[in-house]
Amino acid sequence: MRTLWIVAVLLVGVEGNLLQFNKMIKIMTRKNGIPYYSSYGCYCGWGGQGQPLDATDRCCFVHDCCYEKLTDCSPKTDIYSYSWKSGVIICGEGTPCEKQICECDRVAAVCFGANLGTYKKSYMFYPDFLCTEPSEKC
């Protein structure tokens, strides 16, 4: 299932929001989001279930919840504007959807950066079937 997310990222093209999110992740972590965050733990990548495994996985859980709260928006494909200076990401002008999507992505990227010290390579490409705990509500 998470492999589909990676394929979706590659098919969206350079204008897609997922690639903008990947760029934000690179700014905050100096890591490429696709291998490091596209299939990490129980929540990073497509979908999510169970309990977040660590602080990085919780960043993804919160990001998923942020996207869920957006109505009449397409968070994985809408294009937004943002800038960065000295490691600070600033969401730019745009529609209410674009601004909210950008803010969801910005908060997640900052969260990833803040939790680099606890990132566990053993949670990369974590199999969904191991995420069996009851899921939290947003």
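All residue numbers here begin at 1 and follow the chain in the order shown.
Backbone N, Cα and C atoms are what each Cβ position is placed from, and that goes for glycine too.
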Matching residue for the Ca(2+) site, where Swiss-Prot names TYR43, GLY45, GLY47 - out of ASP64, ASP72: ASP64
Recorded disulfide partner - CYS42, candidates CYS131, CYS138, source Swiss-Prot: CYS131
Among CYS60, CYS65, cysteine joined to CYS44 by disulfide in Swiss-Prot: CYS60
Whichever of CYS97, CYS102, CYS104 is disulfide-bonded to CYS66 when Swiss-Prot is consulted: CYS104
Residue among CYS97, CYS102 that, according to Swiss-Prot, closes a disulfide with CYS91: CYS102
Cross-link partner of CYS73 (disulfide, per Swiss-Prot) out of CYS59, CYS65, CYS97: CYS97
All-chain count of other Cβ atoms within 10 Å of HIS63 (active site): 23
Cα distance (Å, whole number) from HIS63 (active site) to CYS73 (disulfide bond): 15
HIS63 (active site) versus CYS131 (disulfide bond) - Cα distance in angstrom: 18
Rounded inter-Cα distance in Å - CYS91 (disulfide bond), ASP105 (active site): 10
